[in-house]
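Record features (TrEMBL):
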BINDING   28, 30, 55, 76, 105, 122  S-adenosyl-L-methionine binding site
DOMAIN    35-207  domain 'Ribosomal RNA adenine methylase transferase N-terminal'
Ligand code: SAM
C-alpha cells in the first residue's frame, strides 16, 4: 500500500538519522500529508510529468509527487537526507526506480539527467529567489510549477508593476513565466515550526521574449532600475547609455520620467533593445 509521511513518523525518522534541522539549510519539514497533496494538485502533476523537487528533505512532498508523476528528480544538499530518501520511498510502497536523487547544491545546478516538466518544491527560504531564477533560465523544459516560499517573497514574486512589492526578482522571473499567489500555508504544518509565514506561488512559462543576448541586456536595465528604485529611469540608467538615456527611452516608447517599479518586463525589454543598438554603434 502506498502511504505518505505523517508527523509522528517524521520525528522518528529525524531521530533515527540524528538530524537536528538547521536554519542555515532552511530545514522546516512539512508534517501534513494533506498539505503535500494540495500542493501537488495545484501543480496539476500527472503521469506524463517529470517533477523536479529542490530540497526533498525527509520526503513528505516527494511521496505526494510520486503518487502522481511519472518520475521525480530530487536535488538535496544534505547527505543524510539524500541517502535516506530512496529507503523512505520504498518503505512507503513506492518504486524507487521512479526517483532520481541528486545529492548536490541546487544553487550550482547546471544540468539534469532528464528533462523536468514541472517544478514543485518547498524551497529553502534563504536561497529561494536565486534558485528559482536559475532553474527557469537553465531548464526551459519546466513549463509550470508551484513553489512554497516565505510569504513576503511570495508577494514580491507575484507582484504586478506599480505595486510596492514589485522589484527586480519579479521583473526577472517575468522574463520566463507569469506568476500568481496560490494560497498561504499555516505554520503548524511544519516541524520545526518556522518563525515566518509561508505561501505558495504558481507559475506558467510563456513564449520567450528574446534570446540570451537580449535577456542579458534587459537584465542589466532591470538591475540599474531597481538599484536606484526612487530615481526616474533617465537617471537610473544614465551610466549605461553614457548621457543618451533620455533619447533612448523615448525611442523605446518609455516616458523618461517614469520609475522602474512601474515598468513591465516587456518595457524593460524594449529599453534593452535600445541598449544593444547603442552599444553596437560604439
Ligand atoms: N521538501 C521538504 C518538506 O517540504 O518537508 C523539505 C523542505 S525544507 C524547507 C528545505 C530543504 O532544502 C531541506 O531538506 C534542506 O536540506 C534542503 N536544502 C537547503 N539548501 C539547499 C541547496 N542549496 N540545495 C539543495 N537542497 C537544499
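One-based numbering along the chain as shown.
Quick reminder: no glycine exception, Cβ is built from N, Cα and C everywhere.
Here the features listed in TrEMBL are painted onto the structure.
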residue: 28; record: S-adenosyl-L-methionine binding site; Cβ contacts under 8 Å, 6 or more apart: 21, 122, 190, 191, 192, 193, 194
residue: 30; record: S-adenosyl-L-methionine binding site; Cβ contacts under 8 Å, 6 or more apart: 36, 60, 61, 122, 189, 190
residue: 55; record: S-adenosyl-L-methionine binding site; Cβ contacts under 8 Å, 6 or more apart: 26, 75, 76, 77, 106, 121, 122, 123, 124
residue: 105; record: S-adenosyl-L-methionine binding site; Cβ contacts under 8 Å, 6 or more apart: 77
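Secondary structure from DSSP puts residue 122 (S-adenosyl-L-methionine binding site) in a beta strand. For residue 76 (S-adenosyl-L-methionine binding site), the count of additional Cβ atoms within 10 Å of its Cβ stands at 26 [all protein chains shown]. A strand conformation is recorded for residue 30 (S-adenosyl-L-methionine binding site) in the three-state DSSP classification. Around residue 122 (S-adenosyl-L-methionine binding site), taking its Cβ as the centre, 28 other Cβ atoms fall within 10 Å, counting all chains.
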